[in-house]
Amino acid sequence: MPGWLTLPALCCFLLLWAVTVFHKAQGDPASHPGPHYLLPPIHEVIHSHRGATATLPCVLGTSPPSYKVRWSKVEPGELRETLILVTNGLQARGYGPLGGRARMRRGHRLDASLVIAGVRLEDEGRYRCELINGIEDESVALTLSLEGVVFPYQPSRGRYQFNYYEAKQACEEQDGRLATYSQLYQAWTEGLDWCNAGWLLEGSVRYPVLTARAPCGGRGRPGIRSYGPRDLMRDRYDAFCFTSVLAGQVFFVPGRLTLSEAHAACRRRGAVVAKVGHLYAAWKFSGLDQCDGGWLADGSVRFPITTPRPRCGGLPDPGVRSFGFPRPQQAAYGTYCYAEN
């Protein structure tokens with residue numbers, strides 16, 4: 001009958017409709033018109049550590065007639081991306097401070113993977129590999145994650161002295177950078193319990209609580225407590241810093257030294273007085289365990305404990321203990337020195 005489908009045509013129509021629905025449900029490329037050149041990454045998070053060489057994979061399934069690949073880094077807390085490298089498949093050009101350490105892997109003709117040599121703390125974060133092909137541009141995102149340790153930091157003047165920018169500078173001066181929320185969260189799961197609020201790289205202010213208690217935000221559930229949006233210039237808190245594996249080594253020099261004598265003792269050994277980040281990294285990654293207070297470069301006195309024991313800090317958990325900031329002229333401590341390998 002005119003205007004009506006025959007039974008074979010109806011069956012064919014229903015079959016095509018079912019296949020289309022299946023493809024859409026499975027996210028199959030057949031449901032999307034046009035070519036898809038970039039292959040989805042097998043792992044979206046790439047783990048590395050400071051000083052290593054890291055590879056961020058970006059591979060084309062097929063090569064368009066004409067294209068460019070642009071690598072950029074998404075800056076946390078900022079609405080911008082930093083250009084790293086642009087290639088047309090034959091030649092590549094690096095940009096910015098990372099460009100000098102970045103190159104294309106070029107394992108094969110469809111390989112657009114980025115290789116970063118001598119990974120630094122500031123290299124951690126989110127990266128974008130974008131294929132530019134006229135109106136069919138597409139991209140994949142990857143995250144470079146560094147193995148490291150988070151430590152709370154406050155200056156000799158006492159707690160809550162830093163605005164956001166001062167906190168950022170303080171961490172850099174102690175061989176670190178401001179920690180991200182995910183780094184603080186991981187540190188919390190590994191045992192970090194700290195009542196003082198501190199700045200994070202994204203501009204938020206938080207603190208990690210393992211044992212909920214009245215003086216530390218109340219007796220609610222453990223977790224990462226948040227102070228909500230803060231003014232980056234006016235509001236003042238401590239800092240949560242992040243550091244990673246050291247290129248050198250930390251060692252202890254015993255004695256009853258003043259701070260100036262500590263500097264001299266390290267210089268005689270071809271080293272410098274260690275920074276706070278140095279000591280935390282040596283404790284975390286080299287297992288440094290020393291039950292003796294020692295001067296650090298910021299004028300504080302601390303010591304690292306890997307195996308807690310009586311008369312060695314009085315706390316049941318491993319960590320870096322602090323004597324605060326004694327008078328620099330007080331001749332009562334050894335010193336921790338740092339020497340590059």
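Each residue, glycine too, has its Cβ placed from N, Cα and C.
TrEMBL does not curate its annotations; it predicts them automatically.
Residues annotated as disulfide bond in TrEMBL: CYS195-CYS216, CYS291-CYS312. Feature annotation from TrEMBL assigns domain 'Ig-like' to 35-145. Residues or ranges marked as domain 'Link' in TrEMBL: 149-243, 244-339. Residues or ranges marked as signal peptide by TrEMBL: 1-27.
On the structure: features taken from TrEMBL.
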residue: CYS195; record: disulfide bond; Cβ neighbours (10 Å): 14
residue: CYS216; record: disulfide bond; Cβ neighbours (10 Å): 16
residue: CYS291; record: disulfide bond; Cβ neighbours (10 Å): 13
residue: CYS312; record: disulfide bond; Cβ neighbours (10 Å): 15
DSSP helix/strand/coil residue counts for the domain 'Link' (149-243): 22 helix, 28 strand, 45 coil
Whole-number Å value for how far CYS312 (disulfide bond) lies from CYS195 (disulfide bond) (Cα to Cα): 22
Counts of helix, strand and coil residues, the domain 'Link' (244-339), according to DSSP: 21 helix, 31 strand, 44 coil
Confidence summary for the domain 'Link' (244-339), mean pLDDT rounded: 96
Pairwise Cα distance for CYS291 (disulfide bond)/CYS216 (disulfide bond) [Å, integer]: 28
Between CYS312 (disulfide bond) and CYS216 (disulfide bond), the C-alpha gap once rounded to whole angstrom: 25
Within the domain 'Ig-like' (35-145), residues counted as helix, strand or coil by DSSP: 10 helix, 50 strand, 51 coil
